[in-house]
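Over in TrEMBL, the protein carries these features:
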- 20-41: transmembrane segment (TRANSMEM)
- 53-71: transmembrane segment (TRANSMEM)
- E112, D141: UDP-alpha-D-glucose binding site (BINDING)
- D141: active site (ACT_SITE)
- K283, D307: Mn(2+) binding site (BINDING)
- D448: active site (ACT_SITE)
- 523-545: transmembrane segment (TRANSMEM)
- 557-579: transmembrane segment (TRANSMEM)
- 599-628: transmembrane segment (TRANSMEM)
- 649-668: transmembrane segment (TRANSMEM)
- 683-705: transmembrane segment (TRANSMEM)
Amino acid sequence: MGNNDEHLPLFTTTPAKARIPFKFYAHSVFVGICLIFVYRVRYIPAKEEAGRWAWMGMFLSELWFSLYWFVTMSMRWNPIYRRAFKDRLSLRYEKALPGIDIFVCTADPVVEPPALVINTVLSVLAYDYPPQKLAVYLSDDGGSDLTFYAMLEASRFAKTWLPFCKKFKVEPRSPEAYFRTAAEPHGDPVMANDWSSVKKAYENMKQRVETVTKLGQIPEEIRKEHKGFSEWNLVANRRDHQTILQILIDGKDPTALDMEGQSLPTLVYLAREKRPQYHHNFKAGAMNALIRVSSRISNGPIILNLDCDMYSSDSETVRDALCFFMDEEKGHEVGYVQFPYTFENLSKNDLYGGSLNVIMKVDLPGQDGNGGPIYIGSGCFHRRESLCGKKYSEECKKDLMVWNGIMVEESAASVLENTCKILASCTYEEKTLWGKEMGLKYGCPVEDVITGLAVQCRGWRSIYFYPERKAFLGLAPTTLLQTLVQHKRWSEGDFQIFLSRYNPLVSGYKKIPLKLQLSYCPYLLWAPNCLATLYYVAVPSLCLLRGIPLFPKISSAWVLPFAFVIIVHRAYSLGEFIWCGGTFQGWWNEQRIWLFKRISSYVFAFYDNILKLLGLTDVAFAITAKVAESDVSQRNVQEIMEFGASSPMFTIIATLALLNAFCFVGGMKRVIMDLQTWFSNPFTLQILLCALLVIINLPVYQGLFLRKDKGRMPTSVTHWSLMFAVLACALARY
């Protein structure tokens, strides 16, 4: 390596190209919005005229949409993209790489099957990284001996899997994902034999794990295989048990070797103490327990946290992340490096809008350009000291080269297991700063967002990196209800932040740039979007039945700003979606889910936050199922929308779908009876809005009346929604 190469950065930052079309779009839409407001103010009905209040409601809804559009544009104004140079990192620091602690969190062996969990664990155990500097921790908040058994099996299989991955450069290193996609090699007999042998070993292990999971208990002969099973003799239930800590592979033990005689990474199972009288603080509590326990066992200065369904898809991801932390010029400023969410189980046209492509490829780079991305809960590499409450200072630059010197006291695994249990007890955090100034924050369903904000407010910089090869692959929801419940949880937590002292406009004042404060708002304001959307979906249709016009005639020049804003805004959205790798049908599905979320998930999230403010409810956390039944998965592949279960969310969606269908028929009848042309009819835009909503809701009508499979809309939902829709139409007419 030449002298010049020694001074080259480990990463580069590039601003987005071709920003002139975007800025032209933004400025022109802004002008169109202003003209719409001029129309609303100029033609507001007189006090004695019918529809005055409906008109004012439209004005307020459009004002909200405009404000939300403005904060979204401010987030996307200057996106930046990163590039990491792993080759430079290896040349300079291969012998001085820091320790990495990887946290994998699971909470329920039913919705997060152990076979799924261990594939994620095995994928990160097999990272292309010095094994003596790698430690993997599983937090099992379900306290399940089934999950512990699966981890025990994984620790044994790792002795075969890790050398196989290194020898044949396997990608991805989740055995389930690899053997599902890789073809058996035929050219090399040695490799073919090894491949078949390892695949058979994996399938046997998987079968044993799934058999025991289906049985629901550990057979007595298996319980004798490891001392750890005796811990469950004292477990009353998953919410009432002592700390269970087992070091399944001790990386410091010279006898912990794989089949090739190479060292293995450390592997630890932890089920923190749970007692009914103590609040366990959900995933944030689990992460904080892992931070403390790992500090005594391995104390890696870099922490990666992953959800249990998000396996590693690139064995060099750790090195990508370290390019940002170890860059000589700017690395000392970095508190965390966020990688994108990507999913492997999406349907061809992303039926439920689960890809989050626009967020990952447009929004987060925009936030990065404004000062740093938010922390989104998984696939994030943290600097341990920034996560533990340390404020950034110039002194941090001196710490860069001493990472490799961070050591923990050498102790036997059995001693560490006993001494570390207190760190994961219910009472350890009492009268401490854990959950407040140290570790992940407590009291919010989206603890990741406020934790990332706190890190940024302490002066650290966050980085967003979207690698060419996907770093992690997870599982997106495969039913509509799972999608809506997930977004209800996210939007509820985000709005809770907005209403709290953690509001970035308050807590970030003079600590982070204003543009970064605004970058949080598009997500924190998801929930209140329900009000304007519900109004726009329901009121123009009901006013159509009542004969109250709310838009200009097609023949009027005032229709132009409405048409321009709607057409240009949606056309840009379509182009952006396709640029992010989507399809036209995928974009249309995204529009449908956008509507469904706003009239159901966000409604309940908004309502729950109001109840919390009044002290009538407490924080709750819902886990989204990670595995679907075979018939549900088949319908997902066929892109047939899954309703199936009865839910108040479906009742709202179906009621509004039927309401717009009835109003569309009534509007068409009015046009025919009045013998007016489309251009002179004052209700044309309202009829077109109804027609658009009817087209969007076609899968709902099919689920209500045409389908016979298990994924159809439940009969109870059909009856209630029909009754509510008919009642609303009757009240509007009379």
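Every residue, even glycine, has its Cβ placed from backbone N, Cα and C.
Automated prediction, rather than curation, is the source of TrEMBL annotations.
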As a whole number of Å, the Cα atom of D307 (Mn(2+) binding site) is distant from the Cα atom of E112 (UDP-alpha-D-glucose binding site) by 10
May I ask which of the stretches 20-41, 53-71, 523-545, 649-668 has the most CB pairs under 8 A with the transmembrane segment (683-705)? 649-668
For D307 (Mn(2+) binding site), just count the other CB atoms lying within 10 A of its CB, please. 22
Roughly how many Å separate the Cα of D141 (UDP-alpha-D-glucose binding site) from that of K283 (Mn(2+) binding site), to the nearest whole number? 8
Ranked by the number of other Cβ atoms within 10 Å of their own Cβ, which of the recorded positions E112, D448 ranks first? E112
Roughly how many Å separate the Cα of D448 (active site) from that of E112 (UDP-alpha-D-glucose binding site), to the nearest whole number? 20
Cβ packing number for K283 (Mn(2+) binding site), 10 Å threshold: 23
Rounded distance in angstrom between the Cα atoms of E112 (UDP-alpha-D-glucose binding site) and K283 (Mn(2+) binding site): 14
Return the count of C-beta atoms lying within 10 angstroms of the C-beta of D141 (UDP-alpha-D-glucose binding site), excluding that atom itself. 24
